[in-house]
Amino acid sequence: MLIMVDSKYSNIVLGYNDELIWKHLKHLCLQTVTSEQIEHLHRRFKQLSGDQPTIRKEHFDNIPDLEFNPIRSKIVHAFFDKRNLRQESDGLADEINFEDFLTIMSYFRPIEMNMNEEQLDHFRKEKLKFLFHMYDSDHDGKITLQEYRNVVEELLSGNPHLEKESARSIADGAMMEAASICVGQMEPDQVYEGITFEDFLKMWQGIDIETKMHVRFLNMETIAQCH
Amino acid sequence: MPRIEVSHKCCPSLELRCLPLLGIYNLESSLKGFHLYHKLPSVVPESCLLILVGLLLGGIIFGAEEKSPPAMKSDVFFLYLLPPIVLDAGYFMPTRLFFENFGTIILYAVVGTLWNAIGIGVSLFGICQIQVFGLTDITLLQCLLFGSLISAVDPVAVLAVFENIHVNEQLYILVFGESLLNDAVTVVLYNLFKSFCQMRTIETIDVFAGIAKFFVVGIGGVLIGILLGFVAAFTTRFTHKIRVIEPLFVFLYSYLSYITAEMFHLSGIMAITACAMTMNKYVEENVSQKSFTTIKYFMKMLSSVSETLIFIFMGVSTVGKNHEWNWAFVCFTLLFCLIWRALGVFVLTQIINMFRTIPLTFKDQFIIAYGGLRGAICFSLVFLLPAAVFPRKKLFITSVIVVIFFTVFIQGITIRPLVEFLDVKRSNKKQPVVSEEIYNRFFDHMKAGIEDVCGHWGHNFWRDKFIKFDKKYIRRLLIRENQPKSSIVSLYKKLEIKHAIEMAESGMISTVPSLASLTDYRELKVKVKPLSSAEMENMRDILTKNLYQIRQRTLSYNRHSLTADASEKQAKEILIRRRHSLRESIRKSHSLSRERPASANTTRYLSLPKNTKLPERLRIRNKATFRVSDSSDSDTDAATTVLNLKPRPGKKMRDPKQKQRKPQQQFRMEWRNEVDRDCDGKGDHREAANQALTSSWFRQPLLSRPRFGTLSEEDLTKDDGSTRPMPPPRLGRQASEPERHRSKSENQPY
């Protein structure tokens with residue numbers, strides 16, 4: 001894959017009709033992304049990166065609307081998270097190219113009618129893993145109380161009237177719920193380390209994430225581009 | 001012309017008028033008794049039974065009088081019976097889901113109804129042309145008019161049937177939203193064709209005028225509703241001195257919007273729906289808790305009564321001499337209604353699935369088509385037909401009645417088994433969980449962020465923009481103390497109480513005593529003075545003034561399920577009991593020497609390192625928002641209570657009679673006695689009160705309490721004020737158990 005990157009990227013710049021590119025992109029499980037969507041995303045990528053082949057974290061500052069998003073840092077972080085980029089290593093990448101960008105976007109593709117159970121399950125797990133990585137910022141495979149608190153604080157950061165204490169209490173309460181769902185009854189001396197991915201899956205069982213976690217990619221020509 | 005013009009039937013004499021009324025009231029009251037028999041509403045929807053009752057009553061009157069019983073006058077229906085139902089539905093509509101599916105709903109409502117109307121009309125006309133049936137005198141326009149009035153899906157009937165079968169919310173909102181929004185189309189078509197029938201010639205300009213009229217009617221209705229909703233919200237901004245009349249404004253303005261819209265020949269239903277949805281958003285924040293409860297209950301009561309009356313009247317009006325039977329017309333009407341509805345839904349779904357991210361499956365389509373019930377609106381509309389223009393009016397009445405009865409009875413009864421058979425996704429009414437709220441919020445932000453990154457103005461983008469605009473301008477204008485309330489926080493507070501209750505309950509009821517604890521318990525022989533009744537009265541009074549005020553979000557749209565309040569009430573009651581026991585045990589605890597929980601090695605708290613004490617949190621407590629004003633025996637800071645419900649393996653004071661429900665789990669709870677909603681500026685009161693609390697601790701912990709009551713302002717949202725049924729003997733028993741509060745058994749939060 002690595003070998004193909006550079007040549008493939010230059011191919012993308014030129015055009016999308018190359019079979020090899022399609023095969024390669026499909027290998028990234030991007031079956032449902034059409035060519036217009038890829039084109040649009042590529043345009044956007046170029047816009048963000050200033051015509052560079054890669055994007056760095058600083059480039060995300062150019063998106064004005066993202067400034068108001070309370071979990072902005074986590075979103076940006078998610079783009080560079082190597083686990084999301086399906087790379088074997090850990091940690092954060094410094095920069096991502098278009099292929100990685102598409103990889104991240106593929107987590108948000110909508111559900112398809114003709115998916116069978118196994119595909120659906122895999123689909124769901126992929127999305128949940130993405131979410132999990134967003135919560136688990138220190139990459140240790142567990143969402144600890146501190147990380148959870150961090151998340152809640154960020155979420156409630158837009159509200160100036162709430163104090164940190166409240167956020168912490170809420171996080172604690174939520175963690176309690178998680179503990180009760182995942183571990184059930186706990187011994188008095190037991191320590192609940194953190195939410196592992198399996199526990200996370202359990203918690204999300206009732207919620208059909210595959211229908212919720214998607215971004216509409218439709219009618220790209222008519223959608224205005226925001227700068 | 002508005003729908004409320006009607007030719008009044010001459011009123012029968014006084015006795016006769018009383019008879020049906022009496023009959024109706026008796027029957028209605030006895031009918032509610034059938035709710036006690038649980039099986040019945042699950043098999044047969046209430047609407048069917050009500051119609052049957054109405055038929056019975058009509059039969060009695062007819063038999064007694066040999067004259068048609070008083071039919072439901074259309075103006076009564078449209079002016080008095082219909083608005084409460086639509087108001088109730090609109091107020092409790094899940095707006096978020098509604099707007100997410102808005103495109104689909106609009107498509108079904110507008111295009112679907114048009115399709116149905118024209119299809120039924122034209123095909124009926126085709127049938128009428130066949131000589132054999134004897135219907136050749138019915139013109140095309142009459143058929144079209146008939147088609148327009150019978151194609152409208154009825155919100156009353158849909159509500160009545162769907163509320164029992166609990167399909168998933170999306171499906172429900174599609175059918176129900178369609179039934180609400182198609183009113184605009186119905187009004188326009190009905191009036192259009194009626195005026196066409198009475199005109200000599202029809203030009204194309206008239207048709208175009210009709211189409212334009214549709215937009216005017218629909219959008220005008222919505223605008224009136226929103227405008228009056230804003231006025232209502234604005235008015236309630238200033239009503240904090242006169243809380244009692246707040247509910248009045250809600251009802252007044254919504255009814256006003258309906259009447260205004262009808263007066264201008266716009267769609268009244270859409271107006272009242274828009275008004276209700278607007279009011280729900282803003283008024284809810286302004287009114288007091290009591291007003292809110294009043295509004296909710298009164299609305300539900302009104303709509304319940306209206307619905308009952310409507311169905312009974314329909315039954316009564318059926319009996320009589322208003323009928324003309326023609327096999328062909330009636331049967332074909334029914335057939336065409338079903339066929340065109342199914343076709344319409346199917347075709348439209350194919351179109352809309354191209355635009356939806358989550359396509360509608362075949363099951364969904366089937367339920368949508370099957371759930372297209374007709375009801376009282378077409379019933380009343382057919383009575384409004386001018387007899388002069390419609391010589392075959394009785395025929396129309398008969399066929400409308402047959403269609404309505406078929407949909408309500410057959411479709412209403414069979415939809416439940418069908419839903420189960422098709423395994424349609426049901427609504428899972430789970431308990432609200434804080435983490436879920438957090439996740440949802442996280443989700444929204446994430447999706448909005450991703451959309452920003454892609455440069456795509458999607459749903460979430462617009463929603464975000466609207467929320468920002470709303471926060472910046474509208475809320476400032478309409479809402480009194482513009483405190484941005486996070487839904488996470490309010491949900492959390494609500495759940496904290498529930499935690500407390502459940503733990504309290506389980507603490508009172510259950511634990512498994514270990515051997516060690518049993519021996520400990522027997523060692524302690526404490527004599528406790530039982531609480532005098534005066535003291536308990538005192539406690540009760542003070543507590544009822546100072547309990548939590550958690551506003552329930554208007555979640556439910558089911559008329560018969562207001563269960564959330566029951567649990568809230570129960571929650572508060574148990575909270576009171578809990579506090580009593582707390583206080584008692586605190587008093588006692590200081591007469592004993594107890595081990596302080598300084599042995600931090602026995603405490604665990606999630607993933608914090610072993611020996612972390614958390615006293616610093618307690619110290620910060622005075623400034624913190626989340627505080628407990630109750631007394632506690634925390635080792636460091638007595639000004640706050642942290643219910644350190646830590647199980648101590650050695651010393652468990654349990655009532656040996658109690659059985660364990662669940663093993664203990666350490667649990668730490670802080671909560672705040674939310675005396676008033678404002679966070680700012682009131683901290684001083686609480687601090688002062690807390691100081692007072694700590695100083696005069698043991699003897700009379702309650703003495704300081706009144707300070708809360710007096711310090712708080714008038715606009716304190718008070719509790720319902722109903723006396724709580726306190727079980728004194730129980731308290732007495734608790735009082736005799738030492739040291740119960742701390743080491744209660746903790747069960748899981750859920």
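Note that Cβ sites are derived from N, Cα and C of the backbone, with glycine treated the same way.
Keep in mind that what you see is a predicted model, and the values were worked out from it rather than measured.
As annotated by TrEMBL, compositional bias 'Basic and acidic residues' applies to B:585-597, B:669-686. Positions annotated as domain 'Cation/H+ exchanger transmembrane' by TrEMBL: B:33-420. If you look up TrEMBL, you'll see B:511-620 marked as domain 'Sodium/hydrogen exchanger regulatory region'. The region 'Disordered' annotation in TrEMBL covers B:585-614, B:644-686, B:701-750. Here TrEMBL flags B:43-64, B:76-93, B:105-128, B:140-165, B:171-193, B:214-235, B:255-276, B:325-355, B:367-389, B:395-419 as transmembrane segment.
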Ranked first among B:140-165, B:171-193, B:214-235, B:325-355, B:367-389 for CB pairs under 8 angstroms with the transmembrane segment (B:395-419): B:367-389
Any contact, the transmembrane segment (B:105-128) to the transmembrane segment (B:76-93), with at least 3 Cβ pairs under 8 A: no
Residues from the same chain, set at least six apart from the ends of the transmembrane segment (B:214-235), whose C-beta lies under 8 A from its own: 110, 181, 184-185, 187-188, 249-250, 252-254, 256-257, 260-261, 264-279, 281-283, 286, 477-479
Recorded stretch that, among B:43-64, B:76-93, B:140-165, B:255-276, B:367-389, has the most CB pairs under 8 Å to the transmembrane segment (B:325-355): B:367-389
For the domain 'Sodium/hydrogen exchanger regulatory region' (B:511-620), mean pLDDT (0 to 100): 48
Maximum Cβ pairs under 8 Å to the transmembrane segment (B:43-64) - stretch from the list B:76-93, B:140-165, B:171-193, B:255-276, B:367-389: B:140-165
Per Cβ pairs under 8 Å, the stretch of B:76-93, B:140-165, B:367-389 packing most closely against the transmembrane segment (B:255-276): B:76-93
